[in-house]
Amino acid sequence: MVTRAASRDFDHRRPASARRPAPGAVCPVTRYKRGVGSLHFVRAEVENELRRLAPQVLGVLIRRYGQFDACEDAVQEALLAAAVQWPAEGVPDNPRGWLITVAARRLMDQFRSDDARRRREIAVHVSHETSDIVDIPDKDDTLLLLFLCCHPSLSSASQLALTLRAVGGLTTAQIAHAFLVPESTLAQRVSRAKQKIKSAGASFSLPPPAERAGRLQVVLQVLYLIFNEGYTASSGEELHRPELTVEATRLAREVHRLVDDGEVAGLLALMLLTDARRPARTRPDGTLVPLADQDRTLWNPSMIAEGVDLITRTLPTGPPGSYQLQAAIAAIHCEAASAEDTDWPQILALYQLLERVAPNPMVTLNQAVAVAMVQGPAAGLRVLEALDADERLARHHRLAAVRAHLLEMSGDVAAARAAYELAARRTTSIPEQRYLLSKAALLHR
């Protein structure tokens, strides 16, 4: 639905044909492709910019008006209006200000309709409320929003779901996929979380240091999930959503500056070491390249150096947490000159420790690969048997994909082919699906 406020605001927009970036400037929203006789904005770039701006706009509204639930609804309407109109009619000179104005007007409309008392109160203030809100300094409140969504009145599951929606820009379906829960369950969780934030009267500010530490684990888990969705998108044509990995890494840096904690450093190191490999993960045609086949000269050496330095300095400071252990595993992969040089016994030892520190089926799945590389595929397949009864993973495409890989290693071609085909049917990622089907096709030869 396009609001009246949205259409009014287009009076302040220059036509797309009149807008050009300054020499040397790069504006992702205004990047375009030339069509026959017209300029066509790249819709994906607009969507990426909206996702980047969404938490900033939500932060401004919450700071000014409170009422998390109402503010998020207003921001969603503004984002919808922009997604429909910007690609066709041009991007405003101040995209953030446009979104804030449209969302604020939508919020005022909602407040007016609440009751007569509210209408009388707002009538005095609305003229300046929606005009001066755009003049708020260009301050990024994303970190404050991150901690607000991790309010202690919420369960950890609700904290995660709400933050991934409000800060990460993930859809309900994407979050449900990450949690391995039905989409309807996740939607109810988000709705209840917003109501609890409202009832708790939470302030929009950084919590005091003592309370900050209590929210930290959820903050890190949220950033981890946002990063993972960016590194391997759960659905769609593209393997990566780099805007998510970049934003998650940026926020991890902010938290690292704020909190002296080994797990924060470990998560930042993990992100750097993982994303360093991204340039080698796909071929020019977009097809997926597995780790063992990647051209390691394409890996980002500065990100690897920073990540290795972080984890090397962090590990000796105390008992390692899950992010530190995962970063240590990533560092071993990054420091190997070739796939054959990988120190698999050390990786297996780290996975065994990780399973004791933070047991979950994905850790067991990865450990099965390490077991196969050290003890042989039959041993790895035995590890997978325990996961067949785990409801969280039993129908996940990654379980079928790992089983296919280990069956192929063992020489069971027919079973491997069937497992690759099963994994391809279960994934919603087009690049992963194509890769898995290509593996199955090779085994037909």
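Quick reminder: no glycine exception, Cβ is built from N, Cα and C everywhere.
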Among ranges 1-23, 93-115, 116-138, 231-253, whichever one TrEMBL labels region 'Disordered': 1-23
Segment-level pLDDT (mean, integer) for the domain 'RNA polymerase sigma factor 70 region 4 type 2' (146-197): 81
Helix, strand and coil totals (DSSP H, G, I; E, B; other) for the domain 'RNA polymerase sigma factor 70 region 4 type 2' (146-197): 38 helix, 0 strand, 14 coil
